[in-house]
Amino acid sequence: MAAFLSSLLIFSLFSFGTSLTSNYYQKTCPAVESLVRKAVTDATKRDKTAPAGLLRMHFHDCFIRGCDGSVLLSSKGNNKAEKDGPPNVSLHAFYVVDNAKRAVESVCPGVVSCADILALAARDAVVSGGPSWVVPKGRKDGRISKASETIQLPAPTFNISQLQQSFSQRGLSLEDLAALSGGHTLGSSHCSSFNNRIHNFNSTTDIDPSLHPSFAASLRRVCPAKNNAKKAGVAMDPSSSTFDNTYYKLILQHKVLFSSDNALLNSPKTRSLVSKFASTNDAFSKAFVKSMIKMSSITGGGQEIRKNCRVVN
C-alpha cells in the first residue's frame, strides 16, 4: 500500500504539456533555436563530452518534477539542490546552458525559459550521426529543487521491473524505455556505476555471468577492486561520440556496462525492440525521436522564466 501511495504521489507531480507548441517563440524570440544550437556546437568543438552531458542532464531534469529546469538550480543555504544529489554529482556541461541562456537573453530578455533551452540543447546534442526533431516549447522554470528527490531517478543497477515502474510513473511505456536507453550510445561511465557487475556480484560469483567474459576482464583491468582513481571509467560504446545504434548491438553481445542495460533482455517486449533497433538504425532513430518528444513534454510545476538558470528569480 505504501509503495502504491508513493507511486501515486510521484505520478501526481507530472503531466504532459498540452500547452507546448513548436512555434511558441516564433514572434517573441525567433532566433532562439539558432542561438542554442551555436552554443552547443561551439562547446562540442572544445569538449567532446558535452553532448552526452546535455542529453543526460535533460533526462534527469524531466524525471524529477517534470522538465522544469530544476536540475540547473544551484544549492543555496540549507537547501541542497538536485544537481548535488548522489546520482547527479557527475552531471556536467551546465556551462553550455549558461552560455546559451546569455546569448538568448541578449536578444530576447525574459522570454525563453531555461527548461526550454535545455530541451533544445539536448536535441542539438545528438546531431553527430543522430536524428533531429522539432522540440515542443513553452515550458516554465520551476522554483523547487531538492537533492533528496533524486532518489527517484532510475539507477544503473535497476532490473526490468524497477525500470518499468520508474518509467510508467512518468507516463512512459516499455517502448519509451527501450528507445530512450539508446542515449547510452553517447558518453562514458565511472566505474562506480557498474562495479556491482565485475566485483562481488553475489555470494557465489564475483562477476555477473550475463557479461561476456572478455568484456568483463577488460572492465576489471580498468576498474580493479581497490580502485582509487575516482575518475576512472570507460566509454559507453566504442563509438561513444557518435549517436548510432551500436549500443543495441552490444546489448545482444552482452557487452554493455549497466545492469539496467542488460535488463532490456529480460522482458519479451524490450528484448524484441533491442533486436529491432540493433538491426536498423532508422528504426531506432524514429523511436528515439518519438520518445524524446514524449518525455520532454512532461511538465511539472514550472512558474517563471528565470533570468539566470542557476537561481530562481
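Heads up, residue numbers simply count up from 1 along the chain you see.
Even glycines carry a Cβ here, placed using N, Cα and C.
A TrEMBL annotation is a machine prediction, not a hand-curated record.
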Based on the record in TrEMBL, give the one of CYS108, CYS114, CYS191 in a disulfide bond with CYS309. CYS114
In TrEMBL, CYS108 is paired in a disulfide bond with which of CYS29, CYS62, CYS191? CYS29
TrEMBL annotation, disulfide partner among CYS62, CYS191 for CYS67: CYS62
Of the recorded positions HIS60, ASP68, SER70, PRO154, HIS184, the one whose Cα sits nearest to the Cα of CYS191 (disulfide bond) is HIS184
Among HIS60, CYS108, ASP244, these being the recorded positions, pick the one whose CA is nearest to that of HIS184 (heme b binding site). ASP244
Going by C-alpha positions, which of the recorded positions (ARG56, CYS108, CYS114, PRO154, CYS223) is nearest ASP68 (Ca(2+) 1 binding site)? CYS114
If I take the alpha carbons of GLY66 (Ca(2+) 1 binding site) and CYS108 (disulfide bond), what is the distance between them in whole Å? 25
Based on Cα coordinates, which of the following recorded positions are within 10 Å of GLU82 (Ca(2+) 1 binding site): CYS29, HIS60, ASP244? HIS60
Which number gives the other C-beta atoms within 10 angstroms of the C-beta of CYS67 (disulfide bond), all protein chains shown included? 31
Other same-chain residues whose Cβ falls within 8 Å of the Cβ centroid of ASP61, GLY66, ASP68, SER70, GLU82, the recorded Ca(2+) 1 site, in sequence order: CYS62, ILE64, ARG65, CYS67, GLY69, VAL71, ALA115, GLY142, SER145, GLY300
